[in-house]
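Before any comments, here is the structure.
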Amino acid sequence: MGGQSRKWMILVATIWIQAFTGTNFDFSAYSSELKAVLGISQVQLNYLATASDLGKALGWSSGLALMYFPLWFVMFVAAFMGFFGYGIQWLIILDLISLPYFVVFFLCLLAGCSITWFNTVCFVLCIKNFPSNRPLALALTVSFNGVSAALYNLAAMAINPSSTHIYLLLNAFIPLITSIAAIVPILRQPPIDSLPSDAIKHEQLIFVVLNFLAAITGLYLLFVHSTDSSTTRVIFAGAILLLVIPLGIPGIIYARKWFKKKISSSFSLQGSGLLLVDADDLEFHKELLSRENSQINVMSYGVNGDGPTLTLSLARIIGTGGASDQGCCETIIGKDQLYMLGEEHKAGLLVKRLDFWLYYLAYFCGGTIGLVYSNNLGQIAQSLGHSSMTSTLITLYSSFSFFGRLLSAAPDFIRSKLYFARTGWLAVALVPTPIAFFLLAATGNEAAIQAGTALIGLSSGFIFAAAVSITSELFGPNSVGVNHNILITNIPIGSLVYGFLAALIYDNNAVGATFAQHTMTDTVVCMGRKCYLSTFLWWGCLALLGLVSSVLLFLRTRPAYDRFEQNRTANLLD
């Protein structure tokens, strides 16, 4: 029981790390001031945002470091990278030191790399300590990364509401303080023992409770706010308390017998399928498929559970006819489909699959475009005459990104009631993004920008959290570390391309006197709806392209998901 209690303390420590290390989400809070101090254009400012995102392309370095150094050492290296990256930027924005532009670019890159290293530490902790409920642990902890901006906004408002550079100081110190707080449970990791089935179900029930607490935390950060600094301090203290409450989980572990008698008996978890796809299920799935005959017949069961009622051939499952009667759409959907989930794909094979590139495009035109939007929130609000709303919009995006990440676990929880391929959920999650951008293009009032920000945050948050599981399911759990890093190369590419497009349109419109303002540092600021109108239209069309790509991916992978579910159901009935 002591070991079980310690691993829940590790989970809480992981939640803290994720909650306070999503420092890239508050870039828009101080970007306008940084631009003015450096005297740079919007295009040059976009390069700084891209530098932060480029840290994700260096994610492999954290995995390499873990091969030679202990986990706690890697965590503190991440903390000190962020400390120097953000701390020196804070000195620059205060005019205490002056550095050339390329050095500031490197500082942004260093700060972005620290976030990736923190994420790697959290992934390793979840995978190592919760092997039976790995997807639930990852979904829960990754969700808190989306709420970082809301927490930092509260902290900044509590300390100095009139200062924007305070965000850089907080970005430098809070992750380091969090690392110090998390060091004890990380150093006291329990040995990993296999759990009986009743203990696994008990873990799943605790995850239900933790997700409920997480939802309360998100709602608290979204709806409880104040412009008074003293009241904000109380609200911030309440947010910290909500993050500390999960420490009571070890007490629940020690009270397991009472909990099981009073609560667990009220829930029917047998066959509920809280895990959509885990490693054990995939191994069974592969073994079962290897026994199929050359006709590749798959057995499904009747709704009454009486036994096999129908045998489907591969052609029937895929739903395509011969080559002679296939149209263009059928060819795209049916060509070289994945037959089963969990098949390992090395990097060379991965980049040859159409499914990967559809997935890459969906992510590129979905989650990544939402991240670039959040990086531009400061300038968007300023150009529309809503500069005072910047902190509110950051909180709104952060909170709805958090809820989107939490919702990424919904397919696992409702699976017994409604089964749907996870790639289908990805397509559904992409729907709000083009709607939001076309809404922002149609009108620039406060209600529209708030609604658009919320929709984009919700959509991109879901995609960020669901991506690890989708990569694992489609291209193999053992290769997910390499494959997922290949996937997220679209983030720095998208940050550069989308941000450059927005910045170029912004600077071109700022040339006209109607839309321009000159600051004391001769930095041109674009004012008016025209500054981002074309950008929103372009981003909306690209988001539609991502939606189409995700639908094609769903249609191509649905047979594999259905086949997996049939085999899993057959295993349960046996």
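Glycine is treated like the rest: Cβ placed from N, Cα and C.
These come from TrEMBL:
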- 1-21: signal peptide (SIGNAL)
- 7-250: domain 'Nodulin-like' (DOMAIN)
- 71-93: transmembrane segment (TRANSMEM)
- 99-125: transmembrane segment (TRANSMEM)
- 137-159: transmembrane segment (TRANSMEM)
- 165-184: transmembrane segment (TRANSMEM)
- 205-223: transmembrane segment (TRANSMEM)
- 235-255: transmembrane segment (TRANSMEM)
- 343-559: domain 'NFD4 C-terminal' (DOMAIN)
- 356-374: transmembrane segment (TRANSMEM)
- 386-407: transmembrane segment (TRANSMEM)
- 419-442: transmembrane segment (TRANSMEM)
- 454-475: transmembrane segment (TRANSMEM)
- 487-506: transmembrane segment (TRANSMEM)
- 536-555: transmembrane segment (TRANSMEM)
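Highlighted: of the candidate stretches 165-184, 386-407, 419-442, 386-407 has the greatest count of Cβ pairs under 8 Å to the transmembrane segment (137-159). Beyond the transmembrane segment (356-374), the same-chain residues lying 6 or more positions past its ends with a Cβ under 8 Å from any Cβ of the stretch are 25, 27-28, 49, 53, 149, 345, 350, 380, 394, 397, 423, 426-427, 429-430, 433, 453, 456-457, 459-460, 463-464, 467, 470-471, 474-475, 487-488, 490-491, 493-495, 498-499, 502, 539, 542-543, 545-547, 549-550, 552-553, 556. Each residue in the domain 'NFD4 C-terminal' (343-559) has a pLDDT score, and their mean in this model is 83.
Between the transmembrane segment (454-475) and the transmembrane segment (386-407) there are 3 or more Cβ pairs closer than 8 Å, counting only residues 6 or more apart in sequence, so the two stretches are in contact. Where the transmembrane segment (419-442) meets the stretches 99-125, 165-184, 205-223, 487-506, 536-555, the count of C-beta pairs under 8 angstroms peaks at 536-555.
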